[in-house]
Amino acid sequence: MAFTLTIPRFSAISRKPITCSSSRTQCPAPFTHGRSISLRRRLTLLPLKASTDQSGQVGGEEVDSKILPYCSINKNEKRTIGEMEQEFLQAMQSFYYEGKAIMSNEEFDNLKEELMWEGSSVVMLSSDEQRFLEASMAYVSGNPILSDEEYDKLKMKLKMDGSEIVCEGPRCSLRSKKVYSDLAIDYFKMFLLNVPATVVALGLFFFLDDITGFEITYLLELPEPFSFIFTWFAAVPAIVYLALSLTKLILKDFLILKGPCPNCGTENVSFFGTILSIPNDSNTNNVKCSGCGTEMVYDSGSRLITLPEGGKA
């Protein structure tokens, strides 16, 4: 059965019909003024409740079985990369030095996978670099695992290997009352030093090809795999060897170090080595900062930048 119901709006009577499809529901008419107001309030409250439920459903935390335990959609609970790296190092330190496992193998693998996914360099460190970080954390916590001599020796070894985790910014020493910062190898500029010799080696290679009647070009155009073998196992190694030999003939035992100025932080570069017959036996170079003009001393032995005596920081 269907009934037609007319709902009045306050004192005025609305003429928009509402159909009741329930056969058991009685829709009495006419309504009084008080009943019409009560019914209208109920009708207006229902959509608000539905919208609240929908907003709560949308704002809730999503659940995805593919998300690792260390990656949560909730920003308030998601840990930073630094916190995960610290927990990773603590787990390794506890396992190797204390003989205790603070997490299961599955949790450790999930943490390592998450750090690799985030692009963290901690999980890609060498054994010496991981040992250095563990020793630093253990010293801060009050339980050193290395003596001062072993720690300094390990740090110097990592500096000589070109590790970036031991490079720090400008800082002040309370003991020596000096301001200093660390030096790092500038691999890009050292690579650029080989470019002129490489150009000369390529010129000699094509000159040799020309005077032999393009016999080298004929070998490069041989069918596969002979062309590939000749190119990558004969021609390219010969060019690289010739370029390195020419560079070492002009520059002997060269090293390019870079580091921030202790005064203004501007990065400066210094060259160490012998150019032709001009030797440079000293391990220190006096460098003037290109930013603030501060006089600095670059030490290739300790890989440190210090200010000379009487220098102002």
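Heads up, the Cβ atoms here are built off N, Cα and C, so glycines get one too.
Between Ala50, Ala101, Swiss-Prot assigns N-acetylalanine to Ala50; no such entry appears for the others, which is not proof they lack it.
Mean model confidence for the topological domain 'Stromal' (247-313) is a pLDDT of 83. Residues 231, 235 of the same chain lie 6 or more positions beyond the ends of the topological domain 'Lumenal, thylakoid' (209-225) yet place their CB under 8 Å from a CB of it. For Cys172 (disulfide bond), the count of additional Cβ atoms within 10 Å of its Cβ stands at 11 [all protein chains shown].
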